[in-house]
Amino acid sequence: MTRLISADKSEDDLLEASLRPRALSDYVGQEKAKGNLGLFIDAARGRGEALDHVLLYGPPGLGKTTLANIIACEMGVNIKSTSGPVIERPGDLAAILTNLEAHDVLFIDEIHRLSHVVEEILYPAMEDFQLDIIIGQGPSARTIKLDLPKFTLVGATTRAGLLSSPLRDRFGVISRLEFYTHDELAFIITRSARIFGMAIAPEGAMELARRSRGTPRIANRLLRRVRDFAQVRADGVITRAVADQALALLEIDEMGFDMMDRAILLTIIDKFGGGPVGLDTIAAAISEESDTIEDVYEPFLIQNGFLNRTPRGRVATAAAYSHFGRIAPEPPQGKLF
C-alpha cells in the first residue's frame, strides 16, 4: 500500500509533469539554491560553455528533478534522464554518454546507488570529458580514450553521505534543498489548483500546506485527494473546513503525521518509556524495516523536534509527549557523589 504522505514518487505523481515550472523565475522556494544556480547559468551562457556539474541533495519530493529540467531549459539544451539503479554496467553508461550532444544535461537520480565499477567510468567523463574503453582481454587488452562532448551532469540524491569522496569532489556546484515554508507550499497548492481547474479558498490552501510536511510532492498529492472529497461530499470548493474533514478521513493530523508516524512515536513513549531505544527494536515493534524508518519517517520527525537520535538510541522529545497530550518525564538529576 502506498503511503499517502510519502515523499517518494508514485504512479499518481505522473501528473506532476504538468505542474512543473520550466524557468527559474517560476520556481517557488529554495531561494539560496535558485539564486546560485541562476548566477552560474548566466555565466556559463555568457561564455558559451557547458554549466559545471551540479549535485542536488536533500529529502525526497523537494524539486530536484524539476530543477534539473529547469537547468536544461535555461541553458537551451536537451536533457537525458536516468537513475543510478538503472545503470547496471559500464556499457550502459557508455551508451548514454556517447549519445550526448555538446552542452547537454545528463540527469542521474539516486546517484548514490551507482555501482563502484560504473563510478570509475564516470570519473574521466566528468573531469576530462573522455571515456576509457578497454579493447581485448588478458595481456593483449589495451585502453583507448574516446572524446566526449562537454556536458553537464546533474546528480540528485537523498543520501549525500553515501556518495564516495572522488565522485562528490567532481561536482563544481553543490546545493542542498530544504523543506518548504507553509507560505511557499500554499502558493504552490494554489497554482496547482488553478492548473487543474479546482476551486480553493486561501485558508483551504494554507490548511493543506500545514499538513504537507514541507514537501511540494506531498502537497500536490493531498490536493488531489481533498479535491475528490470536495467533489463528492461538498460543493466542490476546497475550504479550510473541507480540507480538515478530508484530511481527518485520511487520518492525517494537524502536524501532517499519518498512522506510521504516530506508531513510531507512541511505541517509543508507551513501550520504551520515551527512550533511548534502538532502531532495530522500534522496527520489530511496529513491523517495519529499519532502513525505511531511518530514510522515510525519521527526517521529518527529527527536523521538527519530535525525535532525537542519540548514541544510545532514539528518544521522544517533550514536543512528542505534548502532541499526544502526555506529560513528559522529568530528566534524571545527576548525583553529587
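For all residues, glycine too, the Cβ spot is worked out from N, Cα and C.
For reference, Swiss-Prot has these:
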| type | residues | note |
| --- | --- | --- |
| REGION | 1-180 | region 'Large ATPase domain (RuvB-L)' |
| BINDING | L19, R20, G61, K64, T65, T66, E127, D128, F129, R170, Y180, R217 | ATP binding site |
| BINDING | T65 | Mg(2+) binding site |
| REGION | 181-251 | region 'Small ATPAse domain (RuvB-S)' |
| REGION | 254-337 | region 'Head domain (RuvB-H)' |
| BINDING | R309, R314 | DNA binding site |
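Where Swiss-Prot records a feature, it is marked here on the structure.
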{"residue": "L19", "record": "ATP binding site", "DSSP class": "coil"}
{"residue": "G61", "record": "ATP binding site", "DSSP class": "coil"}
{"residue": "E127", "record": "ATP binding site", "DSSP class": "helix"}
{"residue": "Y180", "record": "ATP binding site", "DSSP class": "coil"}
{"residue": "R309", "record": "DNA binding site", "DSSP class": "strand"}
{"residue": "R314", "record": "DNA binding site", "DSSP class": "strand"}
Could you tell me the maximum Cα-Cα distance in Å between the residues recorded as binding ATP, namely L19, R20, G61, K64, T65, T66, E127, D128, F129, R170, Y180, R217, rounded to a whole number?
-> 37
Most Cβ neighbours within 10 Å, among the binding-site residues F129, Y180, goes to Y180
How big is the gap, in Å, between the Cα of L19 (ATP binding site) and that of R314 (DNA binding site), rounded to a whole number?
-> 38
Per DSSP, what is the residue tally for the region 'Head domain (RuvB-H)' (254-337) in helix, strand and coil?
-> 41 helix, 9 strand, 34 coil
Sequence gap of 6 or more, C-beta under 8 Å: which same-chain residues meet both conditions with respect to T65 (ATP binding site)?
-> S81, F107, D109, A156
For the region 'Small ATPAse domain (RuvB-S)' (181-251), what's the model's average pLDDT?
-> 91
Quick one: give me the count of other CB atoms within 10 A of the CB of L19 (ATP binding site).
-> 17
Given the binding-site residues R309, R314, the candidate whose Cβ has the fewest other Cβ atoms within 10 Å is R309
